[in-house]
Structures are given as structure tokens and as C-alpha cells.
Amino acid sequence: MARILDNNVMGNEEFSDRTLRPQYLHEYIGQDKVKEQFAIFIEAAKRRDESLDHVLLFGPPGLGKTTMAFVIANELGVNLKQTSGPAVEKAGDLVAILNELEPGDILFIDEIHRMPMSVEEVLYSAMEDFYIDIMIGAGDTSRSIHLDLPPFTLIGATTRAGMLSNPLRARFGITGHMEYYQEKDLTEIVERTATIFEIKIDHEAARKLACRSRGTPRIANRLLKRVRDYAQIIGDGIITAQITDRALTMLDVDREGLDYIDQKILRTMIEMYQGGPVGLGTLSVNIAEERNTVEEMYEPYLIQKGFLMRTRTGRVATQKAYRHLGYPYQNT
């Protein structure tokens, strides 16, 4: 069953994301440090009439990496061609894409860490010197063809920057670390989305939604839609603070943005293992979730909010976790 707090794209959200996508830096809410840097780099590239250096955007899902890539293209006034690491299966696939680029174009590769190594190696000379050498044929009849490329900008997006190879990472001249959003920025995003979709919501309700959205605009917009449904059926269609509280309680999203699975992880650690340390494999078995799912989907937010610690001997529930769930804390 899909989690409403999953920060990956669900259902038709890709279309919804495009509808809500800001076009320029001044419309982009949050990520102020990244925006400030890109405003300078983009303007400098435009004044020199050069392509922008290659860009690596990294951070958790749902924080606007794809949106930022489109914003950069709009600010530069150039075309953007989009693909993803898993979609580029063979070196020939990438060569075909590169061969279609016009001078100054942006090639955006989402999930770039998932590209096969054989494909990644084609990028090295393309990024550094704007050419590729490709082999045609096989065996004794094989030959190398040199193909010059126009100057272009590669924007790579990843949720797993540590999985990038050193040679690929070194070829990005600009990096942008997308961080979890502050409450005030998420509140503004909720209110902007409500305006676009003609949803009536008061400021306190928007703030409550922001507080429980795990620092992620995609989750905030998803929760807004579900609370809108609740307000339409249970209330008079207007989203108030009270309606928001009731709807999120129905959705099992508590005041800290934890859902039933997050709470199950913490309760299991406290009730069965005295708060830990407990190994990831043991914890995964007890809550009937895959090890990678726990590590990649649930743990990051619990750690970021201070409910969970990773230690050399295992996971440990913090005093904040005990207090939040109403357990007496025993420091062992």
C-alpha cells in the first residue's frame, strides 16, 4: 500500500507537478542558498555568451530538483531535453540523445546514479571536451568514429550522490544541495498551490499542513488535496485549522509528520528492544518491511527530526521518540 507521506512521485502527480512548477528563480519558493548561487552563475554565463557549467543537483526526493532544472533552462532561454538514468540502457541510447543537442541546450538526466557504467563512460569526453568516440561494428571490422558535439550543459539529479563514481562527479562544475524546506516556505507553497487549484484555505491550516509535510513540497501538495476532499465532504469546502487536524488524524499523520509506519518502527524499538541498539535487519523483520525500504524511506526523516540515531551497534530510539509516543524514558 502506498504511503501518503512517500516523497516519491505517485499516480498522476507528475502532471500535477508540471502544473504547479514555477518558471523562473523569482517564482521558486525556498532553497534560497541554491537560488542565490544559480542566479550568479546563470547571469555570468549569459554575459560571457557561454554554456553554463555542468550541474549536479542532489538531495532527497520531492524537493524540486527537476523543477530547478527547468527553471535554469528558462533563465538561460535554452531548450531542455529530459531523460533518466534507468531509461538510458545502452551507450547507443545516450549517443542518440547527445547527437540531437543544439548549441547551449540542457540535457537533464534524472536519477543519474542509476546509469550503467558503460553509458556513464560515454559522458566523460562529452562533458569535458564536447566530443564522443563510438565504436561501429564488431571484431576485425570494428572502427572508431569521432563525433563532435555542440557546447551543452548536463544537469544531473540524484537522491544518492554517494553512488556516483568519482570520475563523473568530478566533471560537474556546479553542485546544488537541495535541503528539506522550512515551515514558512512550505506554508507559502501550500497557499500558492491552493490559489492555483482554487482551494479555500486559511493561513493557520496551511501552516499545520506545512508542519506535517516532512519538509517536502510534494508531500505538502498531496496532503492539501486529501484535506480538500475531507473539507468538501465533511465540511463546507473551506480548509480550516480544525478541518486540517481532523483530516490528518484520519490519514494517520501526527503533529510531527509521522505516520503509522514511522510510529511502528519507534514503538517496536522501545517495546521490544528497550530503545535499542537494534540491527537494521532485525528491525526490518519485526515491522515486515524490506531492509532497503526502512533505510531509504523511513530512517532519513526519523533521524533528521531527532527520533532515531544510527550507531555502530545499531539503531537507537532517542529521548524525543519516547516523549513523543508517551513512553517513560530510561537511559540505558
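In case you wondered, yes, glycine gets a Cβ from its N, Cα and C as well.
Note that the structure is predicted; figures quoted are calculated from it, not measured.
Per Swiss-Prot, the candidate among R171, R212, R226 that belongs to the ATP site alongside L20, R21, G62, K65, T66, T67, E128, D129, F130, Y181, R218 is R171. In terms of C-alpha distance, the listed binding-site residues L20, T66, E128 place T66 closest to R310 (DNA binding site). Within the set of binding-site residues (R310, R312), the lowest number of other Cβ atoms found within 10 Å of a Cβ is recorded at R312. Annotation for F130 (ATP binding site): spatial neighbours D148, L149, P150, P151, F152, criterion Cβ-Cβ under 8 Å with sequence separation of six or more. Counted with DSSP, the region 'Small ATPAse domain (RuvB-S)' (182-252) comes out as 51 helix, 2 strand, 18 coil. The two recorded residues, R291 (DNA binding site) and G62 (ATP binding site), have Cα atoms 22 Å apart. For the region 'Head domain (RuvB-H)' (255-332), the DSSP counts in helix, strand and coil order read 43 helix, 9 strand, 26 coil. Other C-beta atoms found within 10 angstroms of the C-beta of R291 (DNA binding site) number 14, with every protein chain shown included.
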